[in-house]
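To start, the structure under review is shown below, and the notes come after it.
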Amino acid sequence: AWYVPCLASLETLQELCRKENLRCKSIGITNRSLKSYEVEYLCDYKVEEGKAYYLVKWKGWPESSNTWEPRKYLNCPLLLQNFLRDKNEYLSRVREGKALKVRNHVKTLKPAIADYIVKKAKQRIALQRWKEELNRKKNHKAMILVENTVDLEGPPLDFYYINEYKPAPGINVFNGITTGCECADCPAEKCCPKEAGFILAYNKRKKLKIQPGLPIYECNSYCRCGPDCPNRIVQKGTPYSLCIFRTSNGRGWGVKTLQKIKTNSFVMEYVGEVITSEEAERRGQVYDNQGNTYLFDLDYDSDEFTVDAARYGNVSHFVNHSCDPNLQVFNVFIDNLDLRLPRIALFSTRTIKAGEELTFDYQMKGSIDLTSDSAEGLSPSRKRIRTVCKCGAVCCRGYLN
């Protein structure tokens, strides 16, 4: 038999069962729980004959089962707090007055306010589910949070979280490396970087010490050293808790750090689909018309392949551009020494405070030597339609491309 993951949430499946009066033990709908009730969110408010009532959406029940319940029977302080906050947020935005008074002395919210409250509640639930999904799929210990205090935008509908490259058919991102260093205590004279003709990229504090444009060679799965080797940094994944948040100046989603990040520290990898440059050219024409910028050329040694993070990616998918960035790109080689297929790592260029947005320069200009051959190899694929830059930096160039 074939099995596919269900795209519906548990609550949606429960709603369907209750609506059709069906039992399903695997999703928690049994004879005993068929009539259980739990408040999912509050939809509306009214005062009738001096008593306050809230319209309740019951968890796992269709909206047709919503009921008005007296305030004194509701034991959900957080949901009440969210309801009040959403109401005040709407009123502050549209600068409308207090609750509307109508005939027979019934106080009720305007329909537009109630509609906003319901949309905000649904958004809050959707973002919470998305956060849980991201944290289930990530392969590092640090947490991923999601936040939107700007608008009603929910999770992206066509984005799938991955932890490493997703190669297109015919592309091998693992070239079958079968050898590693014999160091008992890296770095040694014959450690991986020196075997490749370069110096070790990290100092004793595991911070980057090489200049932009130089490659990073980390110890691989065949090396004798263990997981605590000082030459295993990028392969361990993001070490900082990050937050995907909605920007307030029209740049869509962004990423901010929840912890202080010191200079020259590894922050995250840029991952996505690995496609040919020919396919990237075709997709680029579509993305240009949409105003998207997710293509990143892997042209460290040649220009055969490109990373497309539009549909498949990790947190780096949401990192915005800045003409004065706090992240810098480096090419990394670990279990694949094919110079056409480096891994792309983002390192901090300065100390980044907790709560500060993370950015990198989509053109990779400013902090690398543009006269060197390596600088050309670090640039993302160029777009044909100029996109206005909204980074707000003093040195802003005006366009992303």
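The backbone N, Cα and C atoms fix where each Cβ goes, and this holds for glycine too.
TrEMBL does not curate its annotations; it predicts them automatically.
Computed over the domain 'Chromo' (37-95), the whole-number mean pLDDT of the model equals 92. Annotated domain 'Chromo' per TrEMBL: 37-95, in sequence order.
Here TrEMBL flags 179-237 as domain 'Pre-SET'.
In sequence order, Ala188, Lys190, Cys191, Cys192, Glu195, Cys219, Cys223, Arg224, Cys225 make up the list of same-chain residues 6 or more apart from Cys181 (Zn(2+) 1 binding site) whose Cβ falls under 8 Å from its Cβ. According to TrEMBL, the Zn(2+) 1 binding site annotation covers Cys181, Cys183, Cys186, Cys191.
Among the features that TrEMBL reports, Zn(2+) 2 binding site is placed at Cys181, Cys192, Cys219, Cys223.
Residues or ranges marked as Zn(2+) 3 binding site in TrEMBL: Cys186, Cys219, Cys225, Cys229.
Taking DSSP states H, G and I as helix and E and B as strand, the domain 'SET' (240-363) has 18 helix, 49 strand, 57 coil. Residues or ranges marked as domain 'SET' by TrEMBL: 240-363.
The Cβ neighbour count for His321 (S-adenosyl-L-methionine binding site), using a 10 Å radius over every protein chain in view, is 20. TrEMBL lists Arg251, Gly252, Trp253, Asn320, His321, Tyr362, Lys390 with the feature S-adenosyl-L-methionine binding site.
As annotated by TrEMBL, Zn(2+) 4 binding site applies to Cys323, Cys389, Cys391, Cys396. A sphere of 10 angstroms centred on the C-beta of Cys389 (Zn(2+) 4 binding site) encloses 19 other C-beta atoms.
Sequence annotations record features per position, and here TrEMBL assigns domain 'Post-SET' to 385-401.
Close to Cys396 (Zn(2+) 4 binding site), meaning Cα to Cα within 10 A, are the following binding-site residues out of Cys229, Tyr362, Lys390: Lys390. Long-range Cβ contacts of Cys229 (Zn(2+) 3 binding site) within its own chain (separation 6+, distance under 8 Å): Cys186, Cys219, Cys223. Under 8 Å, Cβ to Cβ, and six or more positions away along its own chain, Cys391 (Zn(2+) 4 binding site) finds Asn320, His321, Ser322, Cys323, Asp324, Thr359. In sequence order, Asn320, Lys390 make up the list of same-chain residues 6 or more apart from Arg251 (S-adenosyl-L-methionine binding site) whose Cβ falls under 8 Å from its Cβ.
Report note: the Zn(2+) 1 site is defined by Cys181, Cys183, Cys186, Cys191, and the residues of the same chain whose CB lies within 8 Å of the CB centroid of those residues, excluding them, are Glu182, Asp185, Pro187, Ala188, Lys190, Cys192, Cys219, Cys223, Arg224, Cys225, Cys229, Asn231.
Within 8 Å of the Cβ centroid of the S-adenosyl-L-methionine site, not counting the listed residues Arg251, Gly252, Trp253, Asn320, His321, Tyr362, Lys390, the chain contributes Thr247, Gly254, Val319, Thr359, Cys391.
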